[in-house]
C-alpha cells in the first residue's frame, strides 16, 4: 500500500528531455490524449459534411476552418510541450487529464458552433485547457532554469491570447465584421506566442518524436476517409453490386486514402532539414495545418457523396466530386509546402503541384470524376516515388 501511495505522489521535476534521446516514441498517455483528438476532428468533419450536403458549403467552410484550427491548436499546444518536458510523473498525468477534459468539452461544443457561430462553449473549453497548459509551463520554468524565460513567455502569451478569446465570446456579436476581426487577431496572437517564446531559447523538443506525433495525427485524419468508405458499404448492404455507385464511392475512398497515406509516409525525411533554421521548423509545424485540414475535409467530401448517392442530399453529383477534389488538391499542395520543396529537386519537386492541378480539373470537368481522381492519386504516388528514388540515387552517386 505504501509503495502504491509513494508512486502516486512521487513528484518528478519537469526537467528538459534530451532532444537527442534514442528510440524516443509516443507514450501511452499521448495516445490516450489522441483519442479525444479523434472525437473532436470527427465532430468538425461531420459539421462540414452536413453543411455541404445541405447546400451551404460557403457558410460551412469558414466555420469548419475555425473549428479545425481550434482543435489542431489544442493538439499542438500539448504535443510540443510533451516532446520537450513529458516526464510521465503523477502531476504531469493529472494535468494532462485536466487538459483532456477541456479538449473533450471543445469537441462537444463544435456542433453548436456550426449551428450559430456560438463560440462561448469553445472558449470555456479553452479556458479549462489553458489552466492546465499554463500550469505545465510554469512548472517547467521552475525546474528548467536554462529555458525558464522561454517557458514563462509561453505561460504569459497563452494567458494574453486567452483574454482575446474571452473578449470575443462575451463582448462581440457573432457574425459581425468586428467579430471576425477579433477572431483573426486572436488566431494570429496564438500563432505568434511560440515564435516569441522560442526566441528566448528553443525548447528541447525531439525531432523524431515530433515527426511520429504528426504522423499519428495524419493517420487519425485518414480514418475519417475510411469511415466514409465504411458508411458507403454499410448503406449498400447485401444489395450492393459491381455497378453500384455506393461501391464506387467506397472503393475510391479507399484508393485515395491509401494513396494519401503513401504520399505522406514517404522515405524522405520530414523534419530534420528544417531544424537548422528556426523559421523553417515553424513553417513545417504550422504548415501542416494545410494537409491536416484538407485530409479531414476529404473525409467530409466522401460523406457528402454517400448522401448524394443515397438521396439524402439535394445537391448535384458534381458538387460532391468537387467536395473531394478541392481538399485532395490542397493536401498535395500542402505536402509540397511542408516537405517536397525542401527535400526534392528538379522535376521531382513539381510532381505534387502538377497532380494537385490535375485533380482539380478532374473533379470539376471529367465525366467519371471520382474514378479519375483515384487514378490520379495512385499515379502521383508512382511518379513521385520513381522520381524521388532516382534523385536519391544520383545524390549517392555524386557523393
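Placement of Cβ uses the backbone N, Cα and C atoms for every residue, glycine included.
Annotated in TrEMBL:
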- 31-48: transmembrane segment (TRANSMEM)
- 60-78: transmembrane segment (TRANSMEM)
- 90-107: transmembrane segment (TRANSMEM)
- 119-139: transmembrane segment (TRANSMEM)
- 151-171: transmembrane segment (TRANSMEM)
- 178-196: transmembrane segment (TRANSMEM)
- 216-234: transmembrane segment (TRANSMEM)
- 246-265: transmembrane segment (TRANSMEM)
- 285-310: transmembrane segment (TRANSMEM)
- 322-338: transmembrane segment (TRANSMEM)
- 350-383: transmembrane segment (TRANSMEM)
Surrounding residues of the transmembrane segment (60-78) on its own chain - C-beta under 8 Å, 6+ positions past either end: 33-34, 37, 40-41, 43-44, 47-48, 50-52, 96, 99, 102-103, 106-107, 110, 113-114, 117, 122, 126, 129, 133, 158, 183, 187, 190, 217, 285, 289, 292-293, 296-297, 300
Recorded stretches the transmembrane segment (350-383) and the transmembrane segment (246-265) touching, at least 3 CB pairs under 8 Å: yes
Proximity of the transmembrane segment (285-310) to the transmembrane segment (151-171), 3+ C-beta pairs under 8 angstroms: no
Closest-packing stretch to the transmembrane segment (322-338), where packing means Cβ pairs under 8 Å, from 31-48, 90-107, 119-139, 178-196, 246-265: 246-265
